[in-house]
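J.: I have a structure I would like to understand better, so I am pasting it below and will then ask my questions one at a time.
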């Protein structure tokens, strides 16, 4: 747990008043894809967006979506954010085409053939779902939900020669000005997480907008709502708020307890989507006895979340032991809280 002053630990981008952020607890994700469906039905149902999944849930270890995105480059060469790393634009096949199925044949023409894609797909956004690694009985996998990270130092912003991508002053959300964008795709190349997508129909790039109309209360009833992916999540694994809200769970999990970590911090973009790293049962010996070895290798988690993952897991384990002995834990209370008013703190700076 950090002992530094809270105000000194929050790094906001230049010109940004507050930074909205999300924490996802990977120990709760069941891979149900409800978040994916919520996002897809709200934002990317057609008009050149068929292949886009602004929110997707990957099985790790796995190649992800788009395929092998972790090997596609992009980001910054150092924390000084002066020189970008070269990146690649994924091929359409790496995303996977939107599948068309023989629904009409089955449902209206009385065919005995099974329901299947009309095409012969070779990849898709959830192609390697539930494919674990390791040897039985110590094989493992876990789910990794991903959206745009709305980074503090987004390399996509710097990559755009049209200055069409920007961070909003009021909340740090990264958006693309569709009037300025010309579809050059330097942003796709520059994003190391490959969370910017090219719309070949509109000839512009598009991405997750953190459901800003929902958090602004632009619905018919004027109420503020969390992003659809967070609001609709059955196991309630997502917390949403502001990184600089010192009383909120986002700030405490990221800055105080330091158990919520960014994905691939070595990309140097400083993401504002954070993850509680996953636990798993211990490994078993050949005779079926539990052994004191992590089933999910710590070195693999370090590849994803950096060297701080060891301290984060140790901190959570200490808090669990404290509760097992009959004590209390603010940390575990935050991670198990189901009250929307505390999980989604989006109106704390409305009077600014």
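Using N, Cα and C of the backbone, Cβ positions are placed for all residues, glycine too.
This is the feature table in Swiss-Prot:
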BINDING   29, 32, 35, 233  [4Fe-4S] cluster 1 binding site
BINDING   39, 208, 211, 229  [4Fe-4S] cluster 2 binding site
BINDING   148, 151, 156, 191  [4Fe-4S] cluster 3 binding site
BINDING   160, 181, 187  [3Fe-4S] cluster binding site
COMPBIAS  78-95  compositional bias 'Basic and acidic residues'
DOMAIN    20-48  domain '4Fe-4S ferredoxin-type 1'
DOMAIN    139-170  domain '4Fe-4S ferredoxin-type 2'
DOMAIN    172-201  domain '4Fe-4S ferredoxin-type 3'
REGION    63-95  region 'Disordered'
REGION    111-131  region 'Disordered'
J.: Which of the binding-site residues listed here (29, 208, 229) have a Cα atom within 10 Å of the Cα of residue 148 ([4Fe-4S] cluster 3 binding site)?
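T.: For residue 148 ([4Fe-4S] cluster 3 binding site), the binding-site residues whose Cα atoms are within 10 Å come to 208.
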J.: I'd like to confirm something. Which of the binding-site residues, 156, 187, 191, has a Cα closest to the Cα of residue 29 ([4Fe-4S] cluster 1 binding site)?
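T.: That would be 191, the closest of 156, 187, 191 to residue 29 ([4Fe-4S] cluster 1 binding site).
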J.: Between residue 160 ([3Fe-4S] cluster binding site) and residue 35 ([4Fe-4S] cluster 1 binding site), how far is it from one CA atom to the other, in Å?
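T.: So the alpha carbons of residue 160 ([3Fe-4S] cluster binding site) and residue 35 ([4Fe-4S] cluster 1 binding site) sit roughly 29 Å from each other.
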J.: Other residues with Cβ within 8 Å of the Cβ centroid of 148, 151, 156, 191 at the [4Fe-4S] cluster 3 site?
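T.: Sorted by sequence, the hits are 149, 150, 154, 155, 157, 174, 187, 190, 193, 195, 196, 207, 269.
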J.: Grab the pLDDT values for the domain '4Fe-4S ferredoxin-type 1' (20-48) and give me their mean, rounded.
T.: 97
J.: Please indicate, using numbers and ranges, the residues of the same chain that are 6 or more beyond the domain '4Fe-4S ferredoxin-type 1' (20-48) and have a C-beta under 8 Å from a C-beta there.
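T.: For the domain '4Fe-4S ferredoxin-type 1' (20-48), the list is 54-57, 59, 126, 129-130, 142-145, 147, 150, 171-173, 199-202, 206, 208-211, 215, 227-243, 249-250, 253-254, 260, 272-279, 335, 346.
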J.: Taking the Cβ of residue 211 ([4Fe-4S] cluster 2 binding site) as reference, which residues of that chain separated by at least 6 in sequence fall under 8 Å from it?
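T.: Residue 211 ([4Fe-4S] cluster 2 binding site) has long-range Cβ partners 42, 225, 226, 227, 228, 229.
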J.: When you measure from the Cβ of residue 151 ([4Fe-4S] cluster 3 binding site), which residues in the chain that are at least 6 apart have a Cβ under 8 Å away?
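T.: Expected: 174, 269, 270, 271, 272.
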J.: Compute the mean position of the Cβ atoms of 39, 208, 211, 229, which form the recorded [4Fe-4S] cluster 2 site, and then list in sequence order the other residues of that chain whose Cβ is within 8 Å of it.
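T.: Output for this site, in sequence order: 35, 38, 42, 43, 54, 55, 147, 209, 210, 227, 228.
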J.: Name the one residue among 32, 39, 156, 191, 233 whose Cα is closest in three-dimensional space to that of residue 181 ([3Fe-4S] cluster binding site); these are the binding-site residues.
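T.: Comparing Cα positions, the candidate nearest residue 181 ([3Fe-4S] cluster binding site) turns out to be 156.
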